[in-house]
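**Student:** My questions all concern the structure below.
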């Protein structure tokens with residue numbers, strides 16, 4: 001009997017093994033099918049992305065040609081409308097091009113690695129510094145010259161971290177610096193490759209490979225820092241070269257550059273600003289937005305690429321409303337408030353960073369930025385000048401204490417809620433059993 005049972009068990013085990021092999025084969029076939037589908041889709045993405053890039057270049061040419069040639073043939077206000085519409089279409093084409101660039105690279109990007117802590121090294125310190133600078137940049141948009149309150153004059157100096165110029169002559173100097181920095185990712189990569197090329201010729205391939213393995217993370221962390229921290233300043237400054245305001249009265253109308261009121265729009269030196277801004281945006285905006293979600297793979301502090309991509313586009317919105325809608329205070333503050341809410345909601349719900357305490361840190365920082373925007377709204381509403389400052393200080397202290405207590409007691413709280421849930425379910429089970437027993441007894 002025992003031998004018979006063993007013989008019966010052997011076919012069962014072999015059939016189980018065959019089933020496992022079939023499952024593994026089916027998984028491999030599924031992965032092959034997915035790879036084949038990706039190979040079919042990627043050329044389409046490339047074609048569409050190139051088409052919109054070409055469209056952006058063509059529209060960019062029209063952005064310069066139409067306003068400058070029609071300035072003496074049409075009303076200045078009509079010329080300004082044509083310029084703004086053309087520039088909007090230009091940015092839309094670049095954005096669609098960027099979407100397809102990102103779709104090509106997201107399969108190679110990090111999504112779900114396993115890591116719970118970080119090491120204190122150059123790369124991670126660079127990432128943390130970038131997170132702090134990002135908070136200062138985002139928070140600086142909360143302080144607007146048209147919603148002043150006590151202390152806001154000092155806090156507005158942080159605007160220069162995100163928008164690094166003031167209207168006037170200083171804009172011209174900062175503009176050309178930022179124009180060069182718009183090509184910094186390309187300059188950095190080309191410089192590193194040239195250094196490695198000459199290093200190989202001088203010292204051999206073995207020395208170069210050991211150098212790369214030793215310093216690769218540091219090199220890419222510097223590139224990430226350049227792209228992440230300079231993204232807002234470069235984009236906002238390039239927008240500053242296109243930000244024209246048309247003032248008209250009964251006798252005449254005048255179009256001047258908001259960033260430098262001494263410059264007349266669509267004439268003279270402004271044409272060079274228009275051309276350079278469009279070139280820089282074509283070269284920088286798609287590449288820098290994409291690079292932010294890809295180059296951070298070298299750090300222990302990793303973020304989901306899709307979330308990084310969304311954050312980059314929200315930063316562009318902040319730069320746009322700052323340059324093009326600063327005087328429309330209600331629209332400006334509303335846009336800043338909405339972006340801050342989205343930043344906070346995404347960080348809380350999606351938890352984009354693998355390291356938990358980094359998510360907590362960013363949630364705290366986004367909350368502080370949101371509180372600053374609310375205080376600016378209160379100042380705009382006509383509150384006493386000292387009230388928003390007092391509210392800002394109290395809210396920041398209260399949020400700091402709240403987050404500290406919440407994250408300190410979160411494990412205990414979750415364990416308590418879990419135990420209460422288990423007790424409640426146990427009580428419900430016991431009640432159901434007793435009710436069934438009572439029904440059986442009645443029967």
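Note that Cβ sites are derived from N, Cα and C of the backbone, with glycine treated the same way.
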**Student:** Among 386-407, 408-429, where does TrEMBL put the label transmembrane segment?
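**Tutor:** So the range that TrEMBL calls transmembrane segment is 386-407.
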**Student:** If you look at how TrEMBL annotates this chain, which of 269-287, 288-306 comes out as transmembrane segment?
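**Tutor:** When 269-287, 288-306 are checked in TrEMBL, transmembrane segment belongs to 269-287.
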**Student:** May I ask you to indicate which of 250-268, 307-325 is given in TrEMBL as transmembrane segment?
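**Tutor:** Comparing 250-268, 307-325 with TrEMBL, transmembrane segment matches 307-325.
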**Student:** Against which stretches of its own chain does the transmembrane segment (307-325) lie, if we need a Cβ under 8 Å and a gap of at least six residues from its ends?
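**Tutor:** Same-chain contacts beyond the flanks: 95, 102, 137-138, 141, 162-163, 231-232, 235-236, 239-240, 243, 258-259, 285, 288-290, 292-293, 296, 331-332, 335-336, 339, 342-343, 346, 350, 352.
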**Student:** At a C-beta cut-off of under 8 Å, are there same-chain residues at least 6 beyond the transmembrane segment (362-380) that contact it? List them, or none.
**Tutor:** 131, 135, 138-139, 141-144, 146-149, 152, 155, 329-330, 333, 336-337, 340-341, 343-344, 347-348, 353, 387-389, 391-392, 395-396, 399-400, 403
**Student:** Six or more residues beyond either end and a Cβ under 8 Å away: which residues meet both conditions relative to the transmembrane segment (173-198)?
**Tutor:** 164-165, 208, 211-212, 219, 222-223, 226-227, 230, 233-234, 237-238, 240-241, 259, 273, 276, 280, 283-284, 287-288, 291
**Student:** Residues sitting near the transmembrane segment (269-287): Cβ under 8 Å, six or more positions beyond its termini, same chain?
**Tutor:** 53, 56-57, 60, 63-64, 68, 90-91, 94, 97-98, 101, 175, 178-179, 182-183, 185-186, 234-235, 238-239, 241-242, 244, 257, 263, 316
